[in-house]
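A short write-up of the structure that comes next.
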């Protein structure tokens with residue numbers, strides 16, 4: 001399992017921006033997708049040069065390193081991981097095999113990892129990581145010699161991969177982008193003059209002035225190289241299952257996913273939530289920063305003022321010396337503060353993007369009451385998260401998900417809110433302009449698109 | 001000259017929070033006042049232990065160091081500096097003299113530095129820094145033996161100090177807080193059970209649950225120690241000159257200054273600006289993060305929707321590999337992005353807190369037009385900055401201040417906006433509930449309160 | 001190819017020293033065998049935990065890390081490398097395969113690497129490094145399922161490995177030590193109460209008070225685990241080929257190799273060299289530190305005083321800012337100095353352990369002449385190095401070896417010595433108490449023991 | 001008190017070596033004199049630029065920094081300190097006073113520090129460190145305005161300085177070297193074409209090809225600048241008191257002090273010790289590295305073989321994870337090893353340069369016995385250290401000095417040696433070619449040259 005950001009560039013020489021720097025910026029703009037490890041592999045005249053490490057983009061790469069990694073093509077990866085030995089999972093996986101070198105980067109996860117590993121081991125494969133990307137690289141390399149092209153090899157092994165994935169495969173002559181047949185993970189094709197790109201999100205395309213061509217289609221295999229773009233497989237299944245959490249939280253608000261701007265989808269979630277669960281209140285406030293879009297939609301729908309009540313300390317990071325337990329118990333957070341004038345004496349609705357463990361909820365309600373709020377109503381712009389995600393959507397097992405074992409009323413009491421409401425699944429579908437046949441909402445509904 | 005944050009605690013043993021940790025949190029919450037150097041000096045049973053370094057609070061102090069710096073009293077300092085050899089300026093200045101040890105921390109700056117230094121040198125003084133705080137420490141130490149108390153010594157030298165200052169002086173038995181006679185720099189007295197505090201801002205008092213007692217008065221000398229609070233001097237001049245820029249930019253929005261919450265003052269600036277310079281527009285957007293309060297006031301006054309159009313990359317920091325000049329020229333910023341749906345096809349008003357060099361303005365207008373804005377009107381919630389500040393308010397010489405040599409119309413053309421307007425000085429006074437006899441607005445008006 | 005140090009411990013619970021710490025000390029005492037990368041893999045109740053990185057032992061491991069790596073068995077590796085991407089070569093290689101986990105560490109190198117890699121790739125193997133140890137791990141894993149025990153699998157693949165190697169293989173239940181059939185690379189079995197060890201040198205056994213049991217025999221496969229020691233294969237070939245350079249330079253002087261203390265062997269080299277090439281001189285000096293033993297033998301044989309003339313700066317390291325080319329040309333070295341009184345006005349013999357590129361020779365002669373030496377005679381306590389080593393003995397290609405293209409007289413002129421002599425091959429054999437059928441002296445003679 | 005190394009260069013433009021780099025190499029070659037802090041102050045066209053920090057030369061300075069510190073003159077300092085807040089003591093002290101800037105670096109210490117500080121404080125001085133160099137800088141600055149030249153000011157204050165010192169004072173136009181009137185601390189004048197130097201030792205002059213001119217005389221004030229060398233004061237007292245420990249331990253063996261090469265002095269100590277306390281033995285061994293010269297003298301005198309028995313691990317440093325107490329108790333040192341063949345079955349004399357605490361002695365005897373030595377005789381090439389040094393010679397208080405409270409026989413029993421002998425004071429004088437009127441031997445005799 002990996003929640004990741006992918007970026008690739010095939011630099012067809014008409015673009016003045018360096019390949020390594022472009023990938024660096026691509027990964028940097030998707031840092032929110034994974035802060036645990038970063039890797040870039042560059043094709044230098046047929047030789048692969050790579051660096052992958054635990055840490056954020058700015059920690060792993062610097063100017064010197066980027067300048068030594070120049071080449072005409074490359075792929076990059078940022079990783080979110082909940083494992084302790086992060087480095088083992090850093091990607092791309094770079095291998096040597098009969099047909100030369102191959103680099104593989106994966107966003108997503110397989111549910112039949114163990115089964116595939118066993119099967120390959122019985123055929124003599126050895127593994128140096130427990131990473132799905134390594135398994136996929138071995139599968140491709142083994143299929144490769146049975147086919148004339150690597151695209152055919154990939155097409156051959158895709159039916160074996162049970163799970164959600166977007167995949168980048170770089171060989172000395174091309175870069176290939178692949179999505180699973182349900183299109184659970186995003187991958188978007190871009191173009192700037194003759195140079196070609198793959199990215200998990202469109203946000204970086206805006207920044208680099210790259211034109212969005214289209215999404216890689218579910219089940220499609222797309223190759224980019226000096227000759228342009230080639231598509232190798234079109235699967236015409238009706239069923240799709242794009243992860244709804246991409247709209248709710250994972251993607252950057254300025255990204256466009258399946259034709260819908262993420263910010264707009266979030267504002268719609270707030271708007272619909274206002275219709276489903278209005279509140280008799282004086283002001284709407286948001287939880288920085290991910291709750292803003294939904295709060296904006298909620299406020300507009302009810303024609304109530306949207307106020308900036310929470311101050312998030314931007315210097316807060318993992319080097320910060322945490323308050324002692326005693327200090328925390330006595331209310332010291334140092335991370336969030338409230339601007340009193342916004343809420344004092346008022347009936348407040350606080351809107352957040354989603355609720356997973358429920359720990360933040362209690363803190364928010366306390367901070368607002370301490371600041372003098374007369375009433376505190378909490379509104380969550382997503383349905384109750386009741387089920388684990390096996391595809392990288394959330395990291396938690398079922399028991400950590402508060403909604404898996406508490407009713408909305410019980411949670412409301414636990415966090416001390418005057419009222420609490422979640423967006424309905426129906427509302428979510430409406431906001432994402434999707435259906436249960438186009439969206440994966442398994443974490444809310446328990447209906448998994450893959451066995 | 002130094003723009004700084006000051007924090008002091010005299011821990012009268014009934015408070016479970018450690019002195020060093022409290023000062024650490026105090027400085028951390030005022031990190032926005034200065035990111036260049038940090039220092040803490042602790043009184044350990046009469047022995048002073050200190051650490052001061054270039055870097056932010058989280059860079060200079062860690063858990064180990066804090067635990068070794070425990071004591072019953074201490075003062076801390078964060079520094080903003082535009083000099084290259086920052087470390088020389090790190091404070092507090094800690095000296096040994098006839099009466100033992102003394103630690104001095106200063107927010108502000110003197111205009112007669114050179115004169116005082118010369119005079120002291122002629123009396124045999126040597127200096128190891130070019131810091132005003134060092135000069136003040138020498139002045140106090142020399143006056144000290146002519147008086148029975150250090151407070152009298154401070155009172156004696158205050159007429160010599162021409163400038164804006166808030167001062168903390170720690171001796172083995174007390175901590176003294178001082179403000180210049182015009183009250184140009186803030187200093188607020190706090191209390192939590194028997195422990196006593198000084199801080200440049202109230203924001204941290206909320207976080208630590210410290211009760212605000214009152215501001216140190218202009219020209220006042222206030223001592224805190226185990227016996228409580230003593231005030232040593234009351235100057236009853238009518239003239240005051242609190243830095244108006246504290247309301248506009250320097251202070252955190254949740255701080256309360258002279259009885260006025262900074263956020264409210266900023267929202268009022270926006271409101272008044274809307275009255276003075278309305279715009280025929282569809283949406284109001286703000287420049288993150290300091291423009292939000294004013295934009296909110298502007299939008300409310302005109303009853304127009306306030307929208308979140310700009311995305312600031314929160315991973316951006318000084319380790320980031322900057323785009324090349326060529327990339328910048330071709331529009332790559334990586335720091336700010338625009339959410340298209342907010343502005344595309346619309347007439348947009350963008351509100352910022354102030355305009356100093358004018359370089360950001362051009363970028364904002366370009367980004368909004370690239371995102372499809374039909375019209376871009378810029379509104380600045382402060383008057384034109386035309387004059388240098390000698391007291392730490394801005395770092396720039398006159399020639400760098402765009403409004404010192406360009407008219408509003410010229411700036412509007414330069415940045416490419418459809419219209420541009422600044423808040424009037426009158427409007428600023430109204431928002432800050434002050435007059436030219438209570439506020440320093442020299443950077444706008446050229447009327448300096450000190451020669 | 002890798003020149004390395006190997007250390008393994010199977011901790012049978014009666015020893016109070018921790019496994020991870022013991023391996024740390026084992027590697028630390030063999031740091032001279034490789035300073036480029038370090039790795040340790042520990043068996044924690046059947047789970048392998050490892051860390052490998054570029055850098056020296058003290059750089060890669062610290063107290064925290066060691067304490068988190070506790071377990072009952074483990075293997076470690078220090079690497080000497082002349083490649084740039086050192087990290088790829090860090091060992092042990094840790095893989096997962098049908099029979100679980102396996103960790104492999106190698107000292108030495110194969111000459112049929114490419115051939116084996118090709119063969120394996122055709123069978124579907126992929127490689128993530130270009131390391132011989134990875135190839136060996138794949139070979140073993142593939143052979144494993146054709147045999148009941150891993151020892152049989154190792155025995156099966158050994159005939160395929162053309163080269164010089166000592167090998168450690170750790171599985172969840174045992175550690176296996178292996179030497180090539182010519183015994184080119186050392187590996188010694190040790191014991192301390194019930195705990196069992198493998199090491200490339202005996203020096204660490206002295207330090208940890210471990211008893212030397214015996215060397216692993218050429219071609220032997222030795223297993224250690226909780227049941228003690230088992231030997232799985234005895235090859236009774238007459239031909240041996242222990243690397244003579246282990247005596248000349250690689251091993252620490254207090255190590256015992258094939259029953260001969262390295263220091264004694266080196267002193268004998270000096271003694272024999274004195275017989276072969278005496279010098280009419282006043283003093284013998286050595287090149288620190290590796291020339292001391294031979295110089296001592298040389299001096300004793302001629303009954304001449306041995307003097308400490310060279311001072312090596314012990315603070316010299318890779319952080320040192322190197323003198324500019326101009327400074328170097330004008331004689332600034334900062335690394336070596338001469339104590340004038342030892343050599344001024346005297347006829348000096350300078351003894352070094354071996355001569356590879358010849359660059360140091362010139363420097364030594366110059367330094368001695370500058371210090372006032374009347375005559376400078378250079379004596380090299382090893383034969384002329386004329387041939388490349390394919391087994392990790394030296395890193396250089398033939399053209400870099402000064403003796404491959406210059407006669408002794410030419411070298412003498414080049415370095416400016418009054419005379420120059422090398423130890424004969426016959427002398428070397430005598431000092432090492434070996435023959436051309438027990439020693440590999442290919443770098444001197446060109447007679448390679450392996451095709 | 002400070003034991004330090006001083007180096008200065010006045011670069012008169014004909015030398016191609018950069019000033020900053022030359023000082024860097026000067027300090028690096030005297031790193032043994034102090035490893036706790038390093039500082040360099042450079043005169044850049046009249047502006048002083050400096051950097052001082054805790055850490056060794058290679059830690060504090062790198063290529064970038066050196067290149068930014070270019071100038072035509074400069075002074076540097078390495079510090080040995082036994083205090084915890086090392087940075088406070090880093091030198092040079094750089095001050096601004098009536099006559100501009102002044103940088104001061106000190107080797108040595110005053111015994112009337114507190115008295116001088118008190119006196120200056122009463123005159124209004126404040127101190128930011130507790131460093132003698134700061135006090136001296138204040139004294140000079142205050143005397144400066146009573147005289148026409150700074151040399152006169154220095155001459156004026158010298159009678160006030162009770163203690164041992166060598167001093168460097170840099171002003172914008174010159175560098176001044178000063179020694180106390182007893183010449184307790186060394187300072188040597190050098191020249192390379194037109195450039196002029198001061199150094200605490202001559203060793204670096206050899207490395208940089210600088211010609212030794214002469215030592216600064218006791219009580220002398222020597223100025224170097226663009227006009228060459230000027231001497232300002234000659235004190236013709238008979239009494240001298242050069243620290244004898246410079247010969248025994250502090251100086252590098254290739255340095256020449258008062259006309260005597262340190263190595264030769266040490267060898268003579270060994271030679272005389274052999275006459276005073278011969279041993280009936282088979283071999284002489286030395287303690288690396290400082291015992292080698294004396295052991296050589298000892299061995300020659302008795303015509304016994306000198307053998308290299310101890311191996312010091314050159315990778316040992318402060319990052320090394322120390323063995324646990326249990327491991328140490330059971331004999332694990334990891335720092336020193338013994339080459340068995342050198343001592344096994346033999347009667348061994350081990351020679352060390354001096355004995356301070358006596359802790360190493362026990363370890364050496366144990367190691368030799370474990371290696372099979374039949375007898376172990378310890379010989380110390382210095383007298384018993386019985387008294388504290390107030391001038392930086394040793395850091396220890398009297399109770400830590402083993403010879404202050406134990407007889408030689410008691411120490412012999414404690415360390416388990418078969419015999420133990422120290423060099424006599426008379427022997428020391430002979431080796432150093434001095435008398436009680438030219439050498440300070442207070443740590444041995446208790447006769448302090450300064451009250």
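A Cβ is built for glycine as well, from the same backbone N, Cα and C atoms used for every other residue.
Because TrEMBL annotations are produced automatically, they should be read as predictions rather than curated entries.
Mean per-residue pLDDT, taken over the domain 'Glutamine amidotransferase type-2' (D:4-227), amounts to 93. What TrEMBL records for D:4-227 is domain 'Glutamine amidotransferase type-2'.
For D:243, D:389, D:440, D:443, the entry in TrEMBL reads [4Fe-4S] cluster binding site. Counting Cβ atoms from all protein chains shown, residue D:389 ([4Fe-4S] cluster binding site) has 21 others lying within 10 Å of its own Cβ.
Annotated Mg(2+) binding site per TrEMBL: D:290, D:352, D:353, in sequence order. A coil conformation is recorded for residue D:290 (Mg(2+) binding site) in the three-state DSSP classification, outside any helix or strand.
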Between residue D:243 ([4Fe-4S] cluster binding site) and residue D:352 (Mg(2+) binding site), the C-alpha gap once rounded to whole angstrom: 19
Residue from D:389, D:440, D:443 whose C-alpha is spatially nearest that of residue D:352 (Mg(2+) binding site), among the binding-site residues: D:443
Least surrounded among the binding-site residues, given as D:352, D:353, when other CB atoms within 10 Å are counted: D:352
D:290, D:352, D:353 excluded, remaining Cβ within 8 Å of their centroid (Mg(2+)): D:248, D:249, D:286, D:287, D:291, D:294, D:351, D:354, D:380, D:381
Cα distance (Å, whole number) from residue D:443 ([4Fe-4S] cluster binding site) to residue D:290 (Mg(2+) binding site): 19
Nearest of the binding-site residues (D:389, D:440, D:443) to residue D:353 (Mg(2+) binding site), judged by Cα-Cα distance: D:443
Assigned element (helix, strand, coil) containing residue D:353 (Mg(2+) binding site), judged by DSSP: coil
Residue D:443 ([4Fe-4S] cluster binding site) in three-state DSSP notation: helix
